[in-house]
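Asker: Structure below; questions to follow.
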């Protein structure tokens, strides 16, 4: 059996998890080949969850960080399919936990994408970078937010608090950020209205009491609250330009029984407040959001100015089109005059040619010479009737014909 066939059989055995077949093929010299996508036997074993097969291949020396044509490693495969035991095997064998594929996604990204909580927990345990950003400028936390997976959100938030951020800038940083550094704290409760935080000094909650809070200024716009499910209290703050510096509290003596996730509608980040800790929230706003907060008086003026600019642009475009049309008409007239002039010149030249041909026909005689070829004959016998006829023809034509000197003519009378 050729090496190519041995390599193909090794790939198939790894795909099916046939440990004995894998050992036999490697003992017979089967090479560690890949298929047309660059998938190695270890990739297939990790993808299909064959723990013992992956262990055999790793002991045989297969590369633990082998790359496919899209730069995916066996760890990417195992994490995406939720094979936590193979993920642990690969990481313990020295696989790069932060390896990125062609989309700049790590194994943590893929595990979060497919809701594999155990894999996410294991990767964080082995030091996966929770601040890594993909090609689409998303971290694992952003993906968990999109998937609305609160368990993974809390897990990643705790890891972000315990891990130093070495990736300080995203791929596309937000221009002109606005930072609010005033600290604010929330405690547990079934339904929490933020307006009550600043309207009075004493606030009561349904499931846990709140300590006294300093009275702040009243909010300029309405606030909303949302209570999450699954054992987590989720508070959504709709700021609409509310100065968050007015909200100031202190932790109660009992602390917070469970983590909170506070999402800012006008911001980008999500805050989780664990028990016994004080956290600050940084809000980043875009320039478009700043424009939305302009006074209502300025908005019509800006709309009028925008309309005027658009009308001016349309008018200039129309003038340009009219100028181009006039120029095209002028050129067409020039071409038409030139064509008429050429036609007149051609007609004059034709008339001259006809006149010249007529003159040549009237003033020149055409001489036509008829050459008679007479075959060489020794003697010609002419009867009297022929001679009379010949004489008659000569009289009619008015011409005389000399007899040939070399031909003897004899007249025979009958």
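Each Cβ is built from the backbone N, Cα and C atoms, and glycine gets one as well.
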Asker: From the ranges 257-309, 310-362, grab the one Swiss-Prot calls coiled coil.
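Answerer: From Swiss-Prot, the annotated coiled coil range turns out to be 310-362.
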Asker: According to Swiss-Prot, which residue among 218, 250, 408 is annotated as phosphoserine?
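Answerer: Annotation hit in Swiss-Prot: 218.
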Asker: What does the DSSP secondary structure composition of the repeat 'ANK 5' (136-166) look like, as residue counts for helix, strand and coil?
Answerer: 21 helix, 0 strand, 10 coil
